[in-house]
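Okay, structure first, notes after.
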Amino acid sequence: MVNEGAGAPRSRRGSHKVVPSSDQDGTGEVSCPSNGTVEVEHIISAKLQLKKKAEHLKADLMRQFDTQVDEFMDSLIEESASLGSSHVSTVFPLSDKEKSKLRHTRPSQSQSKQFVIRRSLLDDLFEVNHIRTIYHMFIALLILFIFSTLVVDFIDEGRLVLEFDLLVYAFGQFPLVVVTWMCMFLSTLVVPYVLLSVWASVYPTSNHRALWTVLAGSLLLLYQGLCLGFLPTYVVLKNGLPPASCFILILEQVRLIMKAHSFIRENVPRVRSLERIKANSLAVPQFTQYIYFLFAPTLIYRDNYPQNPCIRWGYVATKFSQVLGCLFYAYYIFVRLCIPQFRSISMQLFDLRAMVLCVFNSILPGVLVLFLAFFAFLHCWLNAFAEMLRFGDRMFYKDWWNSTSFANYYRTWNVVVHDWLYYYVYRDFLWMTQKRFRAAAMLVVFTVSAVVHEYVLAICFGFFYPVMFCLFMCFGMVFNFVLNDRRKGPIWNMIMWTALFLGQGVLICLYSQEWYAQRFCPIQEPSFLDLLKPRSWTCTPQTNTAVDAH
């Protein structure tokens, strides 16, 4: 139906005669072409206008629907939290003084992390054919990497070379890694739980509560500093473990420290709030709950988590096979894109031209390694363990690829670590300062994250080159405030991706250059200044030695 108000011509009683339009030309006479051109143009114009209105209406409806769904989920979470808190209050009736102490001891339960049953975002997206095609494209690229490697080896060697020497080197001394990890895990399993249990049994009836608290806290810090802090680092440096083995131990070291802190941080306020109740053993979680938490894919302790009804072992096998595939994918990326480039660069003088070419040539392998690390660990590895434990909340990441600001990217890239930093660093800092220094709290979060990242890379690579620290503390802080949540639109998403690609190129380039410089230009007895100064800045072809380095 054509809108009559638009001046569209009408037909009468089936007649095909066109009624003259009210449009006039410059002479004031009515113009009406006999071939029906005006009628067709008006119909097309009306259809286009109707289509535009439908598109606008669709966009408005989708926005309203998203808003209503978000509000419904928020209210549902709040109601579940209030039901949980009311249940606790009926089991443990608290006095007004104890309730006041609980409110001042930690943030309210309604403001804490809420776990609900939900799938990972990629599991939902992979059910869409268009998104699954992108996954197939990455698999096709892996097949091409394998094929090109076999062809090049056949041309160079005259035979098919099926040796994975780089993987064998990277995961060297693996039995030592397993033994060290067992010591770390068993100590984390026993020491924090025993300390909390002993302190909880003595604290309510003791006349020296502050002394017992300081003593237990000091023992916990001593344990974390020696057993979890010093022991893995000493094993790595003493035995010269290769990079992959180092990453396993050091990342597990950081994870267990964060787990132990969360367990103590969540349970100490509960013990203090229930100090007058005789059954204080109820305030300490069961040992099985603590064991479950050590394996659960979260860094926030809860006595219970929402669980799925069954375990899909086929899903678990698929995720672990994808992790293995990502491992071989990374191997072929380094073999085809990184090692040939950096071996030749290591024989050249360090100058600006070589530096710029190196950074741009490293963007592609850097981005691929970024995608692989995200997919292998945050999606496959965590989902596999979550499935085996029937852990219901699979939101280990959000749609970070749609971020239009670095502030949103930091929140959505790794939700597991972000939650720990937010609740135990940012929120606790605000609580201690009575919410006076929000900018300082954000600075503390960035500093902690930057120091830990640089510590992991320095120990695993065997040299100090604070590229990651500078990117976090300098560019990361600037982008966090400049590219903030007020930035919307596709242009800001493109800026975010451009900066991310460039940053990955800088990381791959500088750390790879330093890795080869450390091996081509060794120093027999380095001084403290030599350990802090990048070797790639002074390594020259005249001082290179014939060292075979991976």
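Just so you know, glycine gets a Cβ as well, placed from its N, Cα and C.
Here is what TrEMBL records for this protein:
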- 1-34: region 'Disordered' (REGION)
- 134-155: transmembrane segment (TRANSMEM)
- 175-199: transmembrane segment (TRANSMEM)
- 211-235: transmembrane segment (TRANSMEM)
- 313-334: transmembrane segment (TRANSMEM)
- 355-386: transmembrane segment (TRANSMEM)
- 406-425: transmembrane segment (TRANSMEM)
- 437-457: transmembrane segment (TRANSMEM)
- His453: active site (ACT_SITE)
- 463-483: transmembrane segment (TRANSMEM)
- 495-513: transmembrane segment (TRANSMEM)
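Counting Cβ pairs under 8 Å to the transmembrane segment (134-155), the stretch among 211-235, 313-334, 406-425, 463-483 with the most such contacts is 313-334. Sequence-remote contacts of a segment are chain residues at least 6 beyond its ends whose Cβ falls under 8 Å from one of its Cβ atoms, and for the transmembrane segment (406-425) they are 107, 112-113, 258, 261-262, 265, 297-300, 374, 378, 382, 395-400, 441, 444-445, 448-449, 476, 479-480, 483-485, 496, 499-500.
Segment contact holds for the transmembrane segment (495-513) and the transmembrane segment (355-386), given three or more CB pairs below 8 angstroms at sequence separation of 6 or more. For the transmembrane segment (437-457), the partner stretch with the most Cβ pairs below 8 Å, chosen from 175-199, 313-334, 355-386, 463-483, is 463-483.
Spatially, the transmembrane segment (355-386) is not adjacent to the transmembrane segment (463-483); fewer than three Cβ-Cβ distances between them are under 8 Å for residues at least 6 apart in sequence.
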